[in-house]
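See structure below.
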Amino acid sequence: METVACASVTSFATTSLPFSFLSQSSIINLPQNCHKSTLKSRSPRKLVTCASSGSSSGSVVTLLDYGAGNVRSVRNAIRYLGFEIEDVRTPKDILNADRLIFPGVGAFASAMDVLTKTGMAEALCTYIKNGRPFLGICLGLQLLFESSEENGPVNGLGLIPGVVGRFNSSNDFRVPHIGWNALQVAKDSEILDDVGDHHVYFVHSYRAMPSDDNKEWVSSTCNYGDDFIASIQRGNVHAVQFHPEKSGGKKFELLILIFVFTCFQFQIVQVPSHWHGNGLFTCIPKPTQGKASKLAKRVIACLDVRTNDKGDLVVTKGDQYDVREHTKENEVRNLGKPVELAGQYYKDRADEVSFLNITGFRDFPLGDLPMLQVLRHTSENVFVPLTVGGGIRDFTDANGRYYSSLEVASEYFRSGADKISIGSDAVYAAEEYIKTKVKTGKSSLEQISNVYGNQAVVVSIDPRRVYVKGPNDVQFKTIRVTKPGPNGEEYAWYQCTVNGGREGRPIGAYELAKVVEELGAGEILLNCIDCDGQGKGFDIDLIKLISDAVCIPVIASSGAGAVEHFSEVFMKTNASAALAAGIFHRKEVPVQSVKAHLLKEGIEVRM
């Protein structure tokens, strides 16, 4: 292993930095649990570490968390790498920071309103104009520009020329842009070293465009209809539109680590690219190599969570929404513990993990502490997007205290959720909108999307197939089905249900999908009660109907039983992602087998 001597290096205690440093030459201590065979089979990156600052704050990262969205994952990633966090409480904290990370989450206007009212906008401008070490993430990049069209125009910090505009949804490009896409690196940038070959995770509806006026800032672009700015760098100022803390670990945890060091006159010494950092590096399996070229199709693991008869929180799986075993005891089907299963799916390279609390929140959503704890514990070690659903709505507790759906959602975002899934409440909101043609802004869907952005809101649709003799037999959208009904019917419509599929409503899946998109949904999770737990494949007729009808991403759910079912749904419909539960829980079809099959079929996936 090559080492480089440094003229002036200050020794740091191993407890205060994720590396052990030696005076006169800085050498990363290799973990003892790395086998020689592993070292021989991997070619290490040539990175060199030298320290030129003896500051006692060398292990502290200042975090600007203005109170919206999920920044828990960023916190966990920073702590996972061995650094301490100091929160910004006043504008002075920004000016005094040695290195500042701003993981902006939510809507542009809401963020600027908070920053301006607290005086932090001015402090941020001063800090960045002085070339101080800064890393912005997602909205933390967008706010650097002159203005945004989101709920606007709204003025930004004005540090980079350009306007943040909405993606063009024409030409079959879904908005929001959600999932793993490829980067085109425009110039040398320490924090993008070796990242360009891999998919990175994006979730946003608005983007900044490269131009002659801002080209000196642009370090990488991404193509989604057009080339947009994926990252910027000028001196010590860095910002990325993608989420390194949600891009699956590996190089992306190192991205944050490298930022911290390079912005403090550190360079990194030979760090094998397949290692994590968590105080000391530990060896992890190296993902299959492959050049990322475009937006990948997502494979999502879903965990239906509920309390069993003993009061334990378990992962279960229904058969057409029946989660009880057909035995004398009639017990709740138990397929494992939520946190452990989520951690395993992260290791298996699932692109997202979705939690659905199928019995909780009935009377007091904010009192469901076990589910909050599941999110908090999961987000400590799972660095892919987490979605949670089940009872996200307005409610009044037994003492007459009213809680808005926004308050409920906020607690789950703060506990580690990246997206909120709304089911029954979205159906009621859609029915009311169809009746009145008025957007009140008061529905849970509207409230949450207005503050956090529509990319943070998933609507879960639970329809049941209803066969009819002809296309004009009902007022709802019907389709000619691939397989005739029990009495030879050639047509069907899909009736939406609420309360876990127990109650049918007078609205079709097609009508619901169109309305929730207009009300602010950023994604649709499309289930099918008829296919649930059957293992015979997704309902292609339904998924094609809905994915052709809307311009937002659609997640196919219910019915997967073999790897071929995933390629079928991606080839025959415009689904952006496919979700499964039971076949993953029972280890009948591993996540990696699905991805290997999709890759073989020419379907781009994140490996």
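Our numbering is plain: 1 for the first residue shown, then up by one each step along the chain.
In case you wondered, yes, glycine gets a Cβ from its N, Cα and C as well.
Annotated features, as they stand in TrEMBL:
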ACT_SITE  CYS138  active site, for GATase activity
ACT_SITE  HIS243  active site, for GATase activity
ACT_SITE  GLU245  active site
ACT_SITE  ASP304  active site
ACT_SITE  ASP462  active site
BINDING   CYS138  L-glutamine binding site
BINDING   GLY391, ASN527  substrate binding site
DOMAIN    63-250  domain 'Glutamine amidotransferase'
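In this structure, the C-alpha atom of GLY391 (substrate binding site) lies 27 angstrom from that of GLU245 (active site). Note on the active-site residues GLU245, ASP304: the fewest other CB atoms within 10 A surround the CB of ASP304. Summarising model confidence by region, the domain 'Glutamine amidotransferase' (63-250) averages a pLDDT of 90. Counting only the Cα atoms, the space from GLU245 (active site) to ASP304 (active site) is about 25 angstrom. Between the recorded positions HIS243, GLY391, ASN527, the minimum number of other C-beta atoms within 10 Å of a residue's C-beta occurs at GLY391.
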